[in-house]
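Colleague: There's a structure below that I have some questions on.
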């Protein structure tokens, strides 16, 4: 009988085989990796052979310390690779450097190799090193420089000035931000006083090297006297003194008919002169106008400030853009607008090949003159049938042409007071267009638009209608058109309005449709006749009076409330019984 084989037997066999193998038979690892935070201990630095299973030990580098609980070893594992190194050393810290009075410490990191910088608050300067670094000092790390200190920036005493003094620290101790104010000495009565020239106050500040300096030069104390000033044809409006000193001002104005040239206000300066320059008063007139090919109204040899002049061009002469006249006004001593010149408008004579003029036969043409063209038989017009002479001596719209009629083409049909869509100079057979009348215009059948189609040979189907001007339809409450009634009213139509039986015409009953598309006189109104209104008022009064009488007679009687033997309440009216005479009178 065979005994069962133990489960640990294969493992034991494998271990025995491995034990019997010579060293290195399983493989070697390369040299251990170099770590930034640790180095091999001395006993492993000279070793060159690292068989599988070899363990090496590291020590933390300077500036690093071991992390408790972490193993500082690596092992050569199967497949001849080192185990993945864990971070078992951490950077040492220098600790917080402390506080900087009147300054700031700029810290990004406190660990070995890091740097910190120092700066001072405004008004202070740094005494000491600006940068300190965390370095190794024996077995520890520390900052390589002591914390500097911030010194208040000092200034030298402010400069003295002649004929003046300054207020400040009696101990002549001035630091950043200190201010001193200068003033001039007083003088005996009757003598010229001193004026302070420049800024009265200066303050202690600093330059780029953090040295204390004063913000500016000190002022001066000197006697300033500016001469009295008068201007011809003008007067002082303020500053009436006979003598003037520094910063004194005078305001001027001119007499009627004159205007000021220069500054209205002048100021006495430190050099005893006035700035800006003393102004003058010039006469406010405009010279006579020269206006060739035109008329000046009113015509004078000179014009006063505010005068207006109208300039009108002669016949066939125009200003820019076809304007006949312009108005200008004299402002001080010049005209408020540039004076234009009158230009003669002359448009050239025009002929159209295979066409003719229907009106505007020339031979000379000036502004707004018009020519209407038509084409000879067998030709159609391309472009506008009417052109107008413009102020720039040209025709607008462009001069049309006459093209030969063919079976495959139609020209733009004549269609006044309306729009053609799509609008083209020529159309092919089969093309359709829509003709729409403008406001206050309709076609002969009363419609606002129609559609036609090109049949070739310049023939449109159906034939193109024209747009007729019409007046608004007549809607008259309580009235109607007595004579001249139509579905559409065109310019020149006359109608007579009449009102219904109980209404009267207020306004003119005979009205006409004018070329302004309005009825003139205005459409009358139909209002109730006066006697009808009177009758209605009388009827209303009678109804009101009758209602009041009925109310008083039947609904406003007074009485008493009594209780009978059975406890029932009854209302007894106080009705007056007429006597024999009253009863007889009522019967009669």
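Glycine residues also receive a Cβ, built from the backbone N, Cα and C atoms like all the rest.
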Colleague: Choose the correct range: of 508-529, 530-551, which one does TrEMBL annotate as transmembrane segment? Give that range.
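Modeller: Matching range for transmembrane segment: 530-551.
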Colleague: Spatially, and counting Cα to Cα, which of the disulfide-bonded residues is closest to residue 402 (disulfide bond)? Options: 254, 281, 526.
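Modeller: Going through 254, 281, 526 one by one, the closest to residue 402 (disulfide bond) is 526.
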Colleague: Whole-number Å only: compute the distance from the Cα of residue 375 (disulfide bond) to the Cα of residue 281 (disulfide bond).
Modeller: 70
Colleague: Report, as numbers and ranges, every residue of the chain located at least six residues beyond the transmembrane segment (530-551) whose Cβ falls under 8 Å of a Cβ in that stretch; write 'none' if there are none.
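Modeller: Residues packing against the transmembrane segment (530-551) from afar: 502, 504.
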Colleague: What is the three-state DSSP composition of the domain 'Sushi' (92-152), stated as helix, strand and coil residue counts?
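Modeller: Once the DSSP states are binned, the domain 'Sushi' (92-152) shows 0 helix, 32 strand, 29 coil.
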Colleague: Counting each residue once, how many in the domain 'Sushi' (284-344) are helix, strand and coil under DSSP?
Modeller: 3 helix, 29 strand, 29 coil
Colleague: Across the domain 'Sushi' (469-528), what is the average pLDDT of the model, as a whole number?
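Modeller: Mean pLDDT for the domain 'Sushi' (469-528): 88.
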Colleague: In the domain 'Sushi' (224-283), how many residues does DSSP assign to helix, to strand and to coil?
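Modeller: For the domain 'Sushi' (224-283), the helix, strand and coil counts are 0 helix, 27 strand, 33 coil.
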